[in-house]
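Now, the feature entries from TrEMBL:
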- 242-337: domain 'DUF5648' (DOMAIN)
- 339-395: domain 'DUF5648' (DOMAIN)
- 1-27: signal peptide (SIGNAL)
Amino acid sequence: MHNVKFPLGKILSLLAILSMLFGSCQQDNDVQPTGSQTSANDIAVLKSFLSETTGTPLNDITFADDTFLIDGDMVMPLQNARDHYVKSQTEKSAAGRTEQRQYMYLLTPAVAANITVYINTDVPAVWVTAINQAISNWNTGADSKIHASVTTTAAGASITVSMNAAIEPGVIARALLPDAAGNAGSTVQINPAYTSSLPASQKQFAMTHEFGHNFGFRHTDQTNGTLITDTPVTDANSVMNSVVLNWNGFTFYDFIAFGVVYPHQPGTRRLLRYYSSANTDHFYTIHTNEIGPTGNGWAFEGGSGYVYATPTPGTVPLYRYYDAVTMDHFYTMNFGEVSWTYEGVACYVSATQVAGTRPLYRYFNTVTKDHFYTLHLGEVSGPSWTYEGIACYVWQP
Ligand SMILES: [Zn+2]
């Protein structure tokens, strides 16, 4: 949708396969607020407010049908804009400017942990499949505070997914952004024109994307706003780009972004796990730029729980060592456990099992000389692996 906003050559240079642009964010039942007339001046004030708070140039915000269109893609009903404006006036600290891909209002942790999705009866089975896949992607692939489930009760659902034949041609679906109270954007609307034409894999991508808007993520490939910490300005396969691709999982930086915005434990960051098959060495770091998505033969293997980057009450240092002879990284709470090269404090962890934590198990491969740490007891087995006990506790449900 809104092809005019995106020079075709630019899109093609970014993406091997250009499919469809998404739309997002429309509320189906927004009405004129009771007892209040909307003057042109009110609209101008709200446009200016939305421009400032979303980092969107003023002329990229339009208003029609009681709805603001932001960035040509994200839509905010008039009432929502009013609510946000009123809230910002009452919050002295409302600096407003959001990070790239992150909307000004996010879900509260309690909301994020219990999102219910109602699928309206007009949604065809092929889209229901995509919705369920998208929910699974967010629940398992994102490894964040966000947890969603389908509800068969319309009343009280966090998000209602329905069809809307009035969506303009070229727009696959639209989703509402979070409200000022920290609730998920309450609707996703699907254009029925894409029910038969869009491949199933792209439907899955589209639904995963739209829920991302409901959770407060903006478009990776749009430049308004500032960056989410630890994420780059472009990410060709990000699920939050405005172009639909085949579903191929979240990118490294999608994964990073979700963990930064919705960590399992406030104030923590992910311990990232890598493996070098050349060195038969498992490596763990909280620094997303130490290796990045990949590099020097390192394969990214996902998260190993959430930990603190700085000393925090109730935590102890996890020390990092390296042995150049066996090419083995080693992590321990016991300073001096080995007399290898000391590489500093990897992160801060819990020495005991407290609420919200689980053990990080330590194994050693006596053949390849590799220390391995995992959340899953029994992830490795066989005669070469020795279980060495619990290394520490990390924040992970
Ligand atoms: Zn979108």
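Including glycine, each Cβ sits where the backbone N, Cα and C put it.
When DSSP labels each residue, the domain 'DUF5648' (242-337) comes out as 10 helix, 40 strand, 46 coil, counted as helix, strand and coil in that order. Per DSSP, the secondary structure of the domain 'DUF5648' (339-395) breaks down as 0 helix, 35 strand, 22 coil.
Mean pLDDT across the domain 'DUF5648' (242-337) comes to 97 in this model.
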